[in-house]
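The region 'Amidoligase domain' annotation in Swiss-Prot covers 1-267 and rests on sequence analysis. Sequence annotations record features per position, and here Swiss-Prot assigns UTP binding site to Ser13, Lys188, Thr189, Lys190, Pro191, Thr192, Gln193, Lys224 based on sequence analysis. Marked as CTP binding site by Swiss-Prot: Ser13, Asp148, Ile149, Glu150, Lys188, Thr189, Lys190, Pro191, Thr192, Gln193, Lys224. Look at Swiss-Prot and you will find Ser14, Ile15, Gly16, Lys17, Gly18, Ile19, Asp71 tagged as ATP binding site, backed by sequence analysis. If you look up Swiss-Prot, you'll see Tyr54, Gly354, Leu382, Gly383, Met384, Gln385, Glu405, Arg462 marked as L-glutamine binding site, on the strength of sequence analysis. The feature Mg(2+) binding site is assigned by Swiss-Prot to Asp71, Glu141, with sequence analysis given as support. Annotated domain 'Glutamine amidotransferase type-1' per Swiss-Prot: 292-534, in sequence order. Look at Swiss-Prot and you will find Cys381 tagged as active site, nucleophile. Swiss-Prot lists His507, Glu509 with the feature active site, giving sequence analysis as the kind of evidence.
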Amino acid sequence: MTKFVFVTGGVVSSIGKGIVAASLGRLLKSRNYTVSILKLDPYINVDPGTMSPYQHGEVFVTDDGAETDLDLGHYERFTDTNMSKLNNVTTGAIYQAVIHKERRGDYQGSTVQVIPHVTQEIKERIRRVARETNPDVVLVEVGGTVGDIESLPFLEAIRQFRKDVGRANVAYVHVTLVPLIKAAGEMKTKPTQHSVKELRSIGIQPDVLVCRCEQPLPRGIKEKISEFCDVPVECVIQAQDAPSIYDVPLVLEQEGLAQRVLEILNLDPQQPDLREWELLVQRLHHPQEQVEIAIVGKYVRLTDAYLSVAEALRHAGLALNAGVTLRWISSEEIEERGPEALLSGVDGVVVPGGFGNRGIEGKVASICYVRERGIPFLGLCLGMQCAVIDWGCHIAQLERANSYEFDPDTPHPVISLLPEQKDVEDLGGTLRLGLYPCRIMPNTLAAKLYGEAIIYERHRHRYEFNNAYRSLFLDSGYVISGVSPDNRLVEIIELPSHPFFIATQFHPEFRSRPNRPHPLFLGLIEAALRSRPQPRPLQLQKMG
């Protein structure tokens, strides 16, 4: 029977529940257990697709086209397992389903209430993950903080769940904070005690406490937490701040988290095989070379808006024994100061995705700058569209060339609305979403990087290259190196006269893994290394 581990958080938000859940997933997988991870988000949005990146961070897209919480990116990268729409559930989606059932008459005249109808729907979503993916263990991260009114239905549902499936089949892991009062030099356990008290008042007794801390927890502090929170001292897990998120699985393994959870679930605590992960962490902390990559974006005030892009760059650096330093640059600041002032000295540039016309001129100016100076460049989604606008304006001599999204009155809409989007009125869930095939043209940079004729990548867009300008762009030196199998949609463009200039309509960052870096990011970092004073031979690897 599938076992269930529920991960909750207390004291403060953003305490690291997602990384703890992802790390535990990695540790269980290293013991040959299959895992699936579900994120329960307490906001009333049906999904994060229409939320501001400044409020939510990145929207992570799965193969089946779900727009999900960025934690699903951590789950995929840490467990090397694809997630789906099953793995992210929001309050909005729960209430939408409950109201739909009520309108359909499923409740047969009952008064629809939080208990039992909403909690039953939540439990059904948890069971559905177990039923359809059939893992040994389902990890469930409950978003928000214990005490938040929005989280109460989820906490009540997971309280009931242990009774429904049996005590031996459920473990509760609570992530909390043990702050250090630096003026006094003391670590305080009261926030943890009150957080557990709040959780117990709901009816949940945590089995394991994962305590975030700046310094190692003394034995006496662990014993005090154990005494006041009614948790065995060996189940008080120290989670000291780590140099990187990729250190966390090793930190938690050293503390015995996976072993404690497996004992609670009556599963065999096998010996883990973490050799590959340990090698990754060793490479991360001891790079042989260093490169600096600029990310020119609209939302750089919150770098989590580009989380998968940043991680994909680091993955490529790991494979090449190179440390990757990121220079975050606002495209609006480039509009004010010019690209020379902000991009000078970088080894490569990424222009990632986004929506709306704010900061677009800065993105286009950045692309023009790297194109003219031979700086390695990778454009993603909107980044490709801006590269097309740059070429249309400056090389193809199309006056006021632009995207229809930014200027509906442009005489040259080199980027146009997808035909199937013309009658769409709703914003949420209506983009071209999910995994689609792409045919790679032979004898191109894309063909060299991928090493395959047909690839599959994840999309999230509403606009596309305007085929009315395809011949003009080809005649002026552009190469279209990737198209949809029916040749209708342009998916990859590149410049053969440039050392490394490639841009995609899709989002390759979503498929990069620490142990399997994406070939486009690998190519960018390798090109950045070659552009430095001591060039290195090409060491590209195919995606597995």
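Yeah, the Cβs are placed from backbone N, Cα and C, and that goes for glycine too.
Locations of recorded Swiss-Prot features on the structure.
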residue	record	Cβ contacts under 8 Å, 6 or more apart
Ser13	UTP binding site	Gly144, Thr145
Lys17	ATP binding site	Val7, Thr8, Gly9, Glu141, Val142, Gly143, Val175
Gly18	ATP binding site	Lys39, Leu70, Asp71, His74, Tyr75, Glu141
Ile149	CTP binding site	none
Lys190	UTP binding site	none
Thr192	UTP binding site	Gly10, Val11, Thr176, Leu177, Val178, Leu209, Cys211, Ile225, Cys229
Lys224	UTP binding site	Thr189
Gln385	L-glutamine binding site	Ser403, Ile415, Tyr463, Phe465, Gln505
Discussion item. In whole Å, how far does the CA atom of Gly16 (ATP binding site) lie from that of Arg462 (L-glutamine binding site)?
Written reply: 33
Worksheet, complete the sentence: The rounded CA-CA distance in Å from Gly354 (L-glutamine binding site) to Ile19 (ATP binding site) is 25
Worksheet entry | Whole-number Å value for how far Gln193 (UTP binding site) lies from Ser14 (ATP binding site) (Cα to Cα) | 19
Worksheet item: Restricting the comparison to the recorded positions Lys188, Gln193, Glu509, which residue's C-alpha is spatially nearest the C-alpha of Gly383 (L-glutamine binding site)?
Response: Glu509
Fill in: For the residue listed as 'active site, nucleophile': intrachain residues, at least 6 apart, with Cβ closer than 8 Å
Pro352, Gly353, Gly354, Arg460, His461, Thr504, Gln505, Phe506, His507
Discussion item. To the nearest Å, how far is the Cα of Glu405 (L-glutamine binding site) from the Cα of Ile15 (ATP binding site)?
Written reply: 38
Item to complete: Measure from the Cα of Gln193 (UTP binding site) to the Cα of every one of the recorded positions Ile15, Leu382, Arg462, Glu509, then give the nearest.
Response: Ile15
Discussion item. Given a 10 Å Cβ-Cβ cut-off, pick out the one of the recorded positions Lys188, Arg462, His507 that has the most other Cβ atoms nearby.
Written reply: His507
Worksheet, complete the sentence: Students should find that the Cα atoms of Arg462 (L-glutamine binding site) and Ile15 (ATP binding site) sit apart, in Å rounded to an integer, by 35
Worksheet entry | Which same-chain residues, if any, lie at least 6 apart from Leu382 (L-glutamine binding site) yet have Cβ under 8 Å of it | Val351, Pro352, Gly353, Gly354, Phe355, Lys363, His461
Practice prompt. Compute all pairwise C-alpha distances among Ser13, Asp148, Ile149, Glu150, Lys188, Thr189, Lys190, Pro191, Thr192, Gln193, Lys224, the residues listed as binding CTP, and give the largest one in whole angstrom.
Written response: 31
Practice prompt. Compute the C-alpha separation of Pro191 (UTP binding site) from Glu509 (active site), stating it in Å without decimals.
Written response: 38
Discussion item. DSSP secondary structure for Glu141 (Mg(2+) binding site), reduced to helix/strand/coil, please.
Written reply: strand
Worksheet item: What is the number of other Cβ atoms found within 10 Å of the Cβ of Glu509 (active site)?
Response: 30
